[in-house]
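Colleague: Below you will find the structure I want to go over with you.
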């Protein structure tokens with residue numbers, strides 16, 4: 001079992017009566033890219049703000065690098081780089097100056113500023129005022145700022161929000177490099193599974209403040225169990241017939257589906273129908289996409 | 001660490017438009033002071049036309065609007081502008097997630113605010129000197145009285161500045177702290193002639209402290225002096241603790 005870089009215990013935050021984050025136990029293993037997923041307003045940003053000490057939990061605790069955040073805030077944050085929601089910047093300063101402001105506070109030498117600017121490919125625009133930057137450039141500047149202190153953990157809240165596809169691709173490539181080349185653990189939040197899917201090794205799904213799934217990405221993929229879908233004549237009669245035979249079967253839009261698509265089921269159902277004289281037009285295996293599973297999980301959360 | 005924070009803040013302040021604003025208060029004050037000297041009450045010795053005599057006659061005549069209105073107002077404007085760097089584009093969440101204590105960051109802002117107010121006072125006194133020399137005021141320049149007036153005015157601004165900084169860190173909106181400032185300054189103006197009560201009102205103190213007298217502590221009645229010190233302590237402490245404890249949402 002690898003070591004956990006982020007661990008929260010029953011992390012909860014209430015605003016008045018409204019519970020924004022409820023008993024969240026986040027587990028982020030070292031060296032992973034952890035995708036923190038959930039619809040807008042699910043509690044992602046509130047959780048992330050608590051991880052960074054920006055807001056205080058109502059109850060529960062945050063441990064980063066096995067240290068209590070509240071007690072060791074400064075020494076812990078020295079190892080964390082972050083980008084929370086929309087990019088933060090000083091518009092009247094240039095890209096370089098923006099980073100120098102932060103470098104001073106981090107006690108990092110100015111030489112490092114040029115390095116991170118190069119890493120996010122902003123060297124060309126380094127001496128232009130940031131208020132003239134495009135959103136994508138501002139976001140990259142934010143990532144540069146997060147990398148400035150050579151962190152061991154990078155926390156990125158919706159880093160691709162509002163970017164065009166090229167910008168999204170660029171940020172994704174940057175994130176993918178982090179654990180490989182620099183040994184940095186990354187937590188990245190998003191409301192779109194498709195963005196996380198291609199880079200995350202771990203996923204946590206939060207909805208209405210509650211964690212509804214957490215584990216390796218592969219575990220989530222495994223949940224996409226294939227179904228057997230049938231197209232036949234007189235589907236209602238077929239359904240009744242199969243149910244009488246003891247199969248669990250559902251009928252929707254004229255299509256019959258069974259929750260299992262192994263050889264045994266397929267062959268069995270086929271044999272029964274043919275023997276009973278029903279014409280089978282089509283039999284196929286359908287595998288729900290990750291997006292379907294995500295929506296399904298979130299949907300379940302809503303109905304709870 | 002504190003030094004690094006001061007340098008970091010300097011990089012933001014250096015390139016901002018704050019500098020153009022600092023002369024505005026003293027200049028407006030001088031302009032209105034000049035009008036007052038020319039159209040105001042005449043010197044007791046003068047016959048007919050107003051005449052400018054010595055420095056200590058001229059100075060109190062010029063002081064009024066600057067000390068009662070402009071000084072408290074610029075304290076609020078500076079505080080808002082200093083916090084605007086962070087309010088404008090999500091700066092707080094970035095700044096406060098850095099491994100720097102919130103106390104350091106708050107005190108840095110306070111140091112700059114008080115420094116800018118000191119600079120304002122300096123410009124005001126320089127303006128008064130130039131003005132007096134141009135008018136060829138009689139007598140020698142009363143350095144001690146002017147210096148004491150400048151320092152005392154600055155000291156009496158500390159509690160006002162502390163309150164304004166507190167408000168400015170909380171309110172993103174620029175107009176709200178300004179409105180509050182105006183609302184608090186108006187009673188100060190009304191109380192100016194109420195000798196009994198003005199010693200108790202914080203917004204009256206800059207005028208009292210800047211008016212050259214021969215008594216009190218730095219021109220202030222002892223009760224006023226202690227009120228200013230106590231008010232400074234309480235308001236700095238309140239703004240500071242609130243800043244350290246608050247949730248950062250923006």
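A Cβ is built for glycine as well, from the same backbone N, Cα and C atoms used for every other residue.
These came from TrEMBL, pasted as-is:
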TRANSMEM  B:18-37  transmembrane segment
TRANSMEM  B:63-83  transmembrane segment
TRANSMEM  B:110-131  transmembrane segment
TRANSMEM  B:151-171  transmembrane segment
TRANSMEM  B:178-203  transmembrane segment
TRANSMEM  B:223-244  transmembrane segment
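How buried are these features, and what lies next to them?
Modeller: Residues 50, 52, 58, 61-67, 70-71, 73-74, 77-78, 81-82, 116, 119-120, 123-124, 127-128, 131, 135 of the same chain lie 6+ residues outside the transmembrane segment (B:18-37) yet bring a C-beta within less than 8 angstroms of a C-beta in it.
A Cβ distance under 8 Å defines the sequence-distant neighbours of the transmembrane segment (B:63-83), meaning residues of its chain 6+ beyond its ends; these are 13, 16, 18, 21-22, 24-26, 28-30, 32-33, 36, 109, 112-113, 116-117, 120, 124, 149, 153, 157, 160-161, 164-165, 167-169, 174, 177-178, 180-182, 184-185, 188-189, 192, 203-204, 206-207, 210-211.
Sequence-distant contacts of the transmembrane segment (B:110-131) (same chain, six or more residues past either end, CB-CB distance under 8 Å): 6, 9, 13, 18, 22-23, 25-27, 29-30, 33-34, 59, 62, 66, 71, 74-75, 78-79, 82, 141, 146-147, 149-151, 153-154, 157-158, 161-162, 164-165, 236.
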Colleague: Mind checking which residues of the chain, 6+ beyond the ends of the transmembrane segment (B:178-203), have their Cβ under 8 Å from one of its Cβ atoms?
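Modeller: That would be 64, 68-69, 72-73, 75-77, 80, 156, 159-160, 164, 167, 221, 223-224, 227-228, 231.
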Colleague: By a Cβ-Cβ criterion of under 8 Å, what residues six or more beyond either terminus of the transmembrane segment (B:223-244) are in contact with it?
Modeller: 102-103, 105-107, 110, 155-156, 158-159, 162-163, 165-166, 169-170, 199-200, 202, 205, 208-209, 216-217
